[in-house]
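Worksheet: one structure, shown below.
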Amino acid sequence: MNVFFLCLCVCLALPRSYAALAHLDDMMADAPKDHSHPKGEDHHDAQLDRCKGIEFDAITPDEKGNTFFFKGDHLWNGFSGPAELSNGTFKEMDEYHHLGHIDAAFRMHHKDDPTAHDHVFFFLDDKVFSYYDHTLEKGYPKEIQQEFPDIPNHLDAAVECPKGECVTDSVLFFKGNEVYHFDIKTKLTKKKVWSHLPNCTSAFRWLEHYYCFHGHSFTRFHPVSGEVTGEYPKDARNYFMRCGEGFGHGAGTRKMKCSEIKLNAATIDDKGREYAFQDSVYMRLDEHRDGNHPFPITRQWKEISGEVDAVFSYGDNMYFIQGDQVYIYKSAAHYTLIEGYPKPLKEELGIDGPVDAAFVCGDNTIVHIIQGQKMYDIDLTASPRAITREMPIPIPKVDAAVCDAHGVKVFIGPEYYDFGSPMVLAVAKMIPNPHKISPERFGCEE
Ligand SMILES: *[C@@H]1O[C@H](CO)[C@@H](O)[C@H](O)[C@H]1NC(C)=O
Ligand SMILES: *[C@@H]1O[C@H](CO)[C@@H](O)[C@H](O)[C@H]1NC(C)=O
């Protein structure tokens, strides 16, 4: 099955009401995946009610995208449900050290090393434990410094930070107000002091966002700079767990009707990250294991306000077309608007706005721009840039288009069309059968 469309489902499930709410909220209380499976009553410790306000020891997703919250010898599996004993899920925890608690935990992102990638690392005192499939790996526990030289014992928190969000694949370790950026490949550590950030007792990455938990609150921070933007701290019970009456922002939201879906733009960047844009929100499409959620476009691309017309990626640049203006962002650890932008579209690409869709295929240097029932090719290596080819296309009113290894996908409202290549799209005499965005695959309501 095509991953793009699999993932698109939730993007397309983005309710219009989300669009408005996403401005206010880090996440909806009902957005994350819920994998809780309550155990018998004897496992439920009435004193450990996370809706009463818990300061967690650690929070981490596992390899399947289940999120675990830890406190003492208990854990919560998912964003709702009661506390369970940790040793019921992570069996060997007990045997080794009669685990009363853990200090920190994170899920490793290290694609070059399959023996570590997606493993969950737990930290207690001076030891590190590597788990996969909820089973302790051979050779563990180890001394923390065997695996992570220069990282201190008795940590407070840890969180993964993949390349693209951090400069390199990294892990952030927290102790007091000190933060250790550990580069997974070089094993080098940079220590920083983020005294503006509360001391984190646990840290969590969720859909490219980074959260420091302290008390029963959390503060969102940038993983490279530590910068906090927005109103923080916020009460975790309104966002990361379902606490019923008096809590949560999820009330009143509904899934979007499939028939109401209408993207503005979509793109795949050079790191393989796929994004769709609708109204003033975006969704990451290629990763959905940890759940899905629309976020305001301004969260990643600060200068873009309102709807965009088209987005395409070329090298490590991302182009946003809005009316007769174009914004170019450089993607590194975050997206930065290149100096001098926005610029008139005419000046940059030699075409007048507005446009409907734009895409580049793979390493190609041609951007294909769809405007009405025409497709224009522009060579991005030419100077000045100008239209080199103009071709009619068989379908009107295109909302968005992307090109991946399978060809071009053209979105029109709640349907999409597959074409083997831009050329196939241009010479198509007949419109192929559209694929419907189905509730099963796209998570929307019929
Ligand atoms: C799990 O921990 C509890 C309390 O610490 C203990 O009573 C129980 O025997 C442990 N279970 C296993 C399977 O080790
Ligand atoms: C945060 O940690 C530092 C040590 O790194 C400590 O001096 C400070 O008191 C802590 N702050 C709070 C509010 O606990």
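The backbone N, Cα and C atoms fix where each Cβ goes, glycine too.
Between C403 and the candidates C258, C361, TrEMBL records a disulfide bond only with C361. Note: TrEMBL links C161 through a disulfide bond to C166 (candidates: C166, C200).
As annotated in TrEMBL, C51 shares a disulfide bond with C243, one of the listed residues C243, C258, C444.
Residue density at C200 (disulfide bond): 26 other Cβ atoms are found within 10 A of its Cβ, drawing on all protein chains shown. For C243 (disulfide bond), other Cβ atoms within 10 Å of its Cβ number 19. Among the recorded positions listed (C51, C161, N199, C212, C243, C361), N199 have a CB atom closer than 6 Å to some atom of ligand 2, in sequence order. Sequence-distant contacts (6 or more apart, same chain, Cβ under 8 Å) of C166 (disulfide bond) comprise L172, H181, P223, V224, A333.
The CA atom of H293 (heme binding site) is located 19 Å away from the CA atom of C161 (disulfide bond).
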